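Data block below; observations after.
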Amino acid sequence: MLLLVTSLLLCELPHPAFLLIPEKSDLRTVAPASSLNVRFDSRTMNLSWDCQENTTFSKCFLTDKKNRVVEPRLSNNECSCTFREICLHEGVTFEVHVNTSQRGFQQKLLYPNSGREGTAAQNFSCFIYNADLMNCTWARGPTAPRDVQYFLYIRNSKRRREIRCPYYIQDSGTHVGCHLDNLSGLTSRNYFLVNGTSREIGIQFFDSLLDTKKIERFNPPSNVTVRCNTTHCLVRWKQPRTYQKLSYLDFQYQLDVHRKNTQPGTENLLINVSGDLENRYNFPSSEPRAKHSVKIRAADVRILNWSSWSEAIEFGSDDGNLGSVYIYVLLIVGTLVCGIVLGFLFKRFLRIQRLFPPVPQIKDKLNDNHEVEDEIIWEEFTPEEGKGYREEVLTVKEIT
């Protein structure tokens, strides 16, 4: 019994060789891949990750739903990148690639537009007017709940300043527009974000990039004047004030010279005039001229988003419209004068006949034959040349 116990104890003791030689395994040990901890800040549009030691290469890019790739420039020692010209409301995928002297790292980050589909603001648009004011409008999403509320945020291209809407336009208590009377914080290109909130469900956001040159609506030209001489008319106007800093070469104008009292359906030809230092247009118009009106509108020569028409300026005279009427009046007056003259002559002729009636002809009572000539031409009975009249005597004897 003692021998059995002793043998069992000896079997449980570790083998001396096991204590001196480390255990070897046939399976290769693989270290778990460390995460780059990629993160994205939508306010600054900055994508960042944890820096790795001995980095030899790194890049970042995004892919949208249309498989378009945007890759900003990045140096090897940077651990972040910033995206400037992107919209996120359709959902994007960020991806970071980093290589070190020992291994490579890759990580993706999905950035979806969380919330119920169709709850985001729709039909978003903005326009600048009067050089200092801007209106933005949008519509409620078709699947948005009744208690939805939208909020507008604007960031300039440098992402250094965020503008919140100061004055909202409401429809049944829901924000559907925004009015801004101070545009000092805007740059040439700006990022617009419309967020939504609701107690019932999540609301998707909408974002857009807008260029101030494309959304500005010019005021019509001012100080429009027209001066005419006997043969020409000269139109002058003043360049409209704009939010952008533009020279006269950046403008294109259209003139609508319209003649008054024309037949309905008559189309007027629009006259295109390039911007000029003096802003003038000279066209032939001889006197007498009918009454006309002229109005002008302006646009950026690169975009041609036309302004409204200026107030119509009239020139010419209503008497000018009688140019063609004069002909008809002269014809009528001439006809009347001729009629009066003819009537006067006719009456005078009647008076003359009354004063000097015609002498009646002597009637031939012996011969009622009307075929006999009333007038005898004695020349027909001229004697023969060299002969005189001969008298013949006829003697009549009475026989018993």
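Glycine is no exception: its Cβ is also placed from the backbone N, Cα and C atoms.
Looking up the ranges 116-120, 271-275, 286-290, 306-310 in Swiss-Prot, the one annotated as motif 'WSXWS motif' turns out to be 306-310. As stated in Swiss-Prot, the feature motif 'Box 1 motif' covers range 355-363 out of the listed 292-300, 355-363, 373-381.
Same-chain residues at least 6 positions away in sequence with a Cβ under 8 Å from that of CYS126 (disulfide bond) are, in sequence order, MET134, ASN135, CYS136, THR137, PHE192, LEU210, ILE215. Of all the glycosylation sites listed here (ASN54, ASN195, ASN305), it is ASN54 whose C-beta has the fewest other C-beta atoms within 10 angstroms. Cα proximity to ASN99 (N-linked glycosylation site) (within 10 Å) is found for the following recorded positions from ASN46, ASN54, CYS165, ASN195, ASN272: ASN54. The Cβ neighbour count for ASN182 (N-linked glycosylation site), using a 10 Å radius and every protein chain shown, is 11. For CYS178 (disulfide bond), the spatially nearest entry among the glycosylation sites ASN46, ASN223, ASN272 is ASN46, judged by CA separation. A simple way to gauge crowding: the CB of ASN223 (N-linked glycosylation site) has 10 other CB atoms within 10 angstroms, across all the protein chains here. According to DSSP, ASN182 (N-linked glycosylation site) sits in a coil region rather than a helix or strand.
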